[in-house]
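**Q** Pasting in a structure now, in structure tokens, and then I'll have a few things to ask.
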Amino acid sequence: MVGVLLSERNGSQKRHCSSISSDDGRKRVDKTRSAMLTDLDILDCPICYQALKIPVFQCGNGHLACSSCCPKLRNKCPACALPVGHIRCRAMERVLESVLVPCRYADLGCTKTIYYGRESTHEKICNFSPCSCPVQGCNYTGSYKDLYEHYDLTHSTGSTAYSFNGVSYIAAMMFISDKILIERVYEKKLLFVVQCFEEPCGVYVSVSCIAPSAPEVGEFSYGLLYTTWEGVTMTYQSPKVKKVLKVSSQRPKDSFMLIPHSLLCGPLLGMMLCINELKQM
């Protein structure tokens, strides 16, 4: 059972505070009113059971249908066969505009409340979106800040970046067969992951940051420098580091450096990784 708050929006559920003068000259302030909804299921479409979103339609008998179901039903109410999809249910729409629900990541620390139906928009940028530990066999999930602390205390492998003039430099050394190298940027409390994908044409190298796409995290670009024993140098500059909640085992389709097999120096791969924080506009 989930409790949600009905609050005023567009003048619907919650009354305005107003000052009213009484007969004796004193002002009386009306208290705001709110209500608690204990069952979110009543805000679901009775046909597809998905969350109702504006516009909401009703037939002549008052049966509800969401905008997605109406064309699928050929505008025929499944409950009474009356036409549906032409009459808006303004009462339900006003309720939807007034319902505030807690973030689904409240147990991780998020205190935000979101208007019903807009949860997914908030979750994409929520600072508390759960991130998965990239260490194989570890099932830990938590906010990106908690994940950093978890990794630092529990695993503590890989090197730590050193920074100069806002740029973090990491000497990344890994076996290609390991496929993944986890690096820490202490100043930002962030984990960056270097991944290798060995293919017939060479080794793909990509870098990602384990964090949500939240403004608080910031944006980063990265550069890779690879030098062979013979002195041949390859460089790659990515305009933006991809932020992920969980590391993928799929070869990247973009933002990668491809090192041909002819330039590899055995099973060990050594690179210089530079991470630069982009200035927010």
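Quick reminder: no glycine exception, Cβ is built from N, Cα and C everywhere.
Per Swiss-Prot, the feature region 'Disordered' maps to 1-26. Residues annotated as zinc finger in Swiss-Prot, with sequence analysis given as evidence: 45-81, 98-156. Marked as region 'SBD' by Swiss-Prot: 95-280. Per Swiss-Prot, Zn(2+) 1 binding site is recorded for Cys103, Cys110, His122, Cys126, and the stated evidence type is similarity to another entry. Positions annotated as Zn(2+) 2 binding site by Swiss-Prot: Cys133, Cys138, His150, His155.
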**Q** Give me the sequence-ordered set of same-chain residues, not including Cys103, Cys110, His122, Cys126, with a C-beta within 8 angstroms of the centroid of the Zn(2+) 1 site's C-beta atoms.
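**A** The surrounding set, listed in chain order, is Arg104, Tyr105, Ala106, Lys112, Ile114, Glu119, Glu123, Asn127, Phe128, Ser129.
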**Q** For His150 (Zn(2+) 2 binding site), which of the three DSSP-derived states applies: helix, strand, or coil?
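**A** For His150 (Zn(2+) 2 binding site) - judged by DSSP and reduced to three states - the answer is helix.
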**Q** If H, G and I count as helix, E and B as strand, and all else as coil, what does DSSP give for His122 (Zn(2+) 1 binding site)?
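**A** SS state of His122 (Zn(2+) 1 binding site) = helix.
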**Q** State the Cα to Cα distance, in Å, between His150 (Zn(2+) 2 binding site) and Cys110 (Zn(2+) 1 binding site), rounded to an integer.
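**A** With distance taken Cα to Cα, Cys110 (Zn(2+) 1 binding site) is 19 Å from His150 (Zn(2+) 2 binding site).
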**Q** Have a look at the binding-site residues (Cys103, Cys110, Cys133, Cys138) and report the one with the fewest Cβ neighbours inside 10 Å.
**A** Cys138
**Q** When neighbour density is defined as the number of other C-beta atoms within 10 angstroms of a residue's C-beta, which of the binding-site residues His122, His150, His155 has the lowest density?
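**A** Among the binding-site residues His122, His150, His155, the sparsest Cβ neighbourhood within 10 Å belongs to His155.
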**Q** What count of other C-beta atoms do you get within 10 angstroms of the C-beta of Cys126 (Zn(2+) 1 binding site), across all chains shown?
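**A** I get 23 for this one.
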**Q** Which whole-number value in Å describes the distance between the Cα atoms of His155 (Zn(2+) 2 binding site) and Cys126 (Zn(2+) 1 binding site)?
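**A** With distance taken Cα to Cα, Cys126 (Zn(2+) 1 binding site) is 26 Å from His155 (Zn(2+) 2 binding site).
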**Q** What does the structure give for the C-alpha distance between Cys126 (Zn(2+) 1 binding site) and Cys138 (Zn(2+) 2 binding site)? Integer Å is fine.
**A** 23
**Q** Other residues near the Zn(2+) 2 site, CB within 8 A of the CB centroid of Cys133, Cys138, His150, His155?
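**A** Not counting the recorded site residues, we get Pro134, Val135, Tyr140, Leu147, Tyr151, Thr154.
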**Q** Could you count the residues of the zinc finger (98-156) that DSSP puts in helix, in strand and in coil?
**A** 20 helix, 11 strand, 28 coil
**Q** Round to a whole number and give the Cα-to-Cα distance in Å for the pair His122 (Zn(2+) 1 binding site) and Cys138 (Zn(2+) 2 binding site).
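**A** About 27 Å separates the two Cα atoms.
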